[in-house]
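All remarks here apply to the structure that follows.
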Ligand SMILES: [Mg+2]
């Protein structure tokens, strides 16, 4: 049976939502993200504005120079998130396997649904029309046998398009692509490839497997598969775990300051740990959520073995997940930590529990009691002490349980 992986991407999502709220913006160059002051980075630009060279992550001041008569709108993430959830709801009426990879992108697995809905291309067309009619928003879709090709297809189809790469045609489809258009080929890999005189995937296809692995190591394996149009198959609907405790903070200013981020992360780990201990539970999975200044949101999870409710362990897991994400060199806007897979802590203090663990449990019990009596910030420990000498993460007022 052919796999039908669909990638759907909203076209200029934030701008389009703004236009449904204010139709006078239709047809004009519109830039979202125009908050005055230091936070002025473009988060979304209409196609009319893009014609002037405006693109996301560009400073608003630069965008103003390129197109002074554009309409600048501050943007409202709360509204966009609500619309995004509603769109997801439509997707979920078509398949249980819906994975939102960002606020405006989703993978849907329609494998095997031909029997209910008919040929896949018609089905995707109906889904797109349903979103257009319900929300007045434009979107594009790619259909292929795997995620990689589906994603490139949806990008190729933009705006308002639908493109299917037929099973067996993946390699031929990839051949014409410039390497820079392939998701996963970042600036540094792109530079190495172009240093070797390669500019399209077709040129890459001529290099044999062993050579690529010798030159690029594990990345060589990926390049070889990518060039042949092979990509991931799994579409995972990341349903929130039944039992979890989480906290998140949105910063008043986006930052890449590691000491500050470490401090915030520790603070979140403490809050999560305290709540889980209060419930008398331990959790098996630590999840880190990170949102960049361009609103790209990444979620990473790690196992905490048999279970933990220990602040420093939650912190260490979350930090190990965060550090690689900072290599993107884009400022961070939000951090969140969640502990899930909760179960009662009974039996945690087993016969073989190490002495240090017993001591740390006693320590937390004392700490939690002090905080219950004098308030959470009466005691600060570890890296969160840093926050005292810093401006407080001012989004903390908005901090809430996930
Ligand atoms: Mg988009």
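Even glycines carry a Cβ here, placed using N, Cα and C.
The annotation domain 'UmuC' is assigned in TrEMBL to 5-186.
Of all Cβ atoms in the protein chains displayed, 20 besides its own lie within 10 Å of the Cβ of residue 9 (Mg(2+) binding site). Residue 9 (Mg(2+) binding site) carries a strand DSSP state (E or B). Feature annotation from TrEMBL assigns Mg(2+) binding site to 9, 104.
Classification of residue 14 (site 'Substrate discrimination') by DSSP places it within a helix. According to TrEMBL, the feature site 'Substrate discrimination' maps to 14.
Residues or ranges marked as active site in TrEMBL: 105. Around residue 105 (active site), a 10 Å sphere centred on its CB holds 18 further CB atoms from the protein chains shown.
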- Item | Cα separation, residue 9 (Mg(2+) binding site) to residue 105 (active site) (Å, whole number) | 5
- Task: Do me a favour and check the Cα-Cα span between residue 104 (Mg(2+) binding site) and residue 14 (site 'Substrate discrimination'); whole Å is fine.
- Result: 9
- Task: Restricting to the same chain and to sequence separations of six or more, state which residues have a Cβ under 8 Å from that of residue 14 (site 'Substrate discrimination').
- Result: 32, 33, 43, 44, 75, 80
